[in-house]
Amino acid sequence: MKRYVFMLSDGTGITAETLGNSLITQFENIQFEKITIPYIDSTHRAESVVLRINQCFSEQGTKPLVFMTLVDPEIRQAIKKAHACVFDLFSIFIGPLENELEEKSSYTVGRTHGVANVKSYSHRIEAIDFALSHDDGIKTRGYDKADIILIGVSRCGKTPSCLYMALQYGILAANYPFTEEDLVGFRLPEVLRPYKPKLFGLTIDAQRLQQIRSERRPNSKYASAEQCRLEVTEVEAMYQRENIPYINSTKYSIEEISTKVLAIAGLQRKI
């Protein structure tokens, strides 16, 4: 079974996507065709979106699902005229909140992902810049400013996790990869030892590591099963010897890896 899913927003669409995806992923036997439409900022644009939704209904004969985060009541009403099952994620919560807080909402578009807080936005940019300039052990100077330093073998999820922590949490995250040369008589590299309290390890199942590396450099020693097993075994042994906290990233998304790392490390959101 296939169902169309529309994620509609008067802003970036990130909130509608996040909430919508969280809900539909609970239905594993249904194939969803997802369509995100951001910046629906007028009734005219809303009407064109309704035409598109109705076309999907006509072609398939089943109502598309619509998850919308639209502030303007007129635009919301326009969308609700579509032949669809509409989930108004804004009005579901804003009414009860107004009652509880005894204050009317400002009904301002784009507050969640806009630049309403300049200080917070600047810190986010600083964190992203830090993650990029301290990626893959490129620059170890500045590690004293890091909130956390992810370490691990190549291709275990360090870079995307650092970028996610920077973007979503404002965390200054660096990462350092262990190379084949590091693994000869493997010990914690001396460049990392002064920052040991900031170190957090990632590991990964050797079989999964081989799959990932084979996509990048097939038929190489780097991607061989033996090399992957050796690196994972040596790195995990070092984590245990040095009492460095670590998690296995194999079955987790980048979002889950980042959240688990921050929770275990005791780091709090900065933005």
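Using N, Cα and C of the backbone, Cβ positions are placed for all residues, glycine too.
What Swiss-Prot records for GLY152, VAL153, SER154, ARG155, CYS156, GLY157, LYS158, THR159 is ADP binding site, and it gives sequence analysis as the kind of evidence. In the three-state DSSP reading, CYS156 (ADP binding site) counts as coil. Here the Cβ of CYS156 (ADP binding site) has 28 other Cβ atoms within 10 Å, regardless of which shown protein chain they belong to.
Within 8 Å of the centroid defined by the CB atoms of GLY152, VAL153, SER154, ARG155, CYS156, GLY157, LYS158, THR159, the record's ADP site, lie the Cβ atoms of ASN175, PRO177, LEU202, ILE204, SER249, excluding the listed residues themselves. Here the binding-site residues are GLY152, GLY157; the one with the fewest Cβ atoms within 10 Å of its Cβ is GLY157. The Cβ of SER154 (ADP binding site) lies under 8 Å from the Cβ of PRO177, PHE178, THR179, ARG213, TYR222, each of which sits 6+ residues away along the same chain. Annotation for the binding-site residues ARG155, LYS158: lowest Cβ count within 10 Å of the residue's own Cβ, ARG155. A 10 Å cutoff on Cβ-Cβ distances gives VAL153 (ADP binding site) a total of 27 other Cβ atoms nearby, all chains included.
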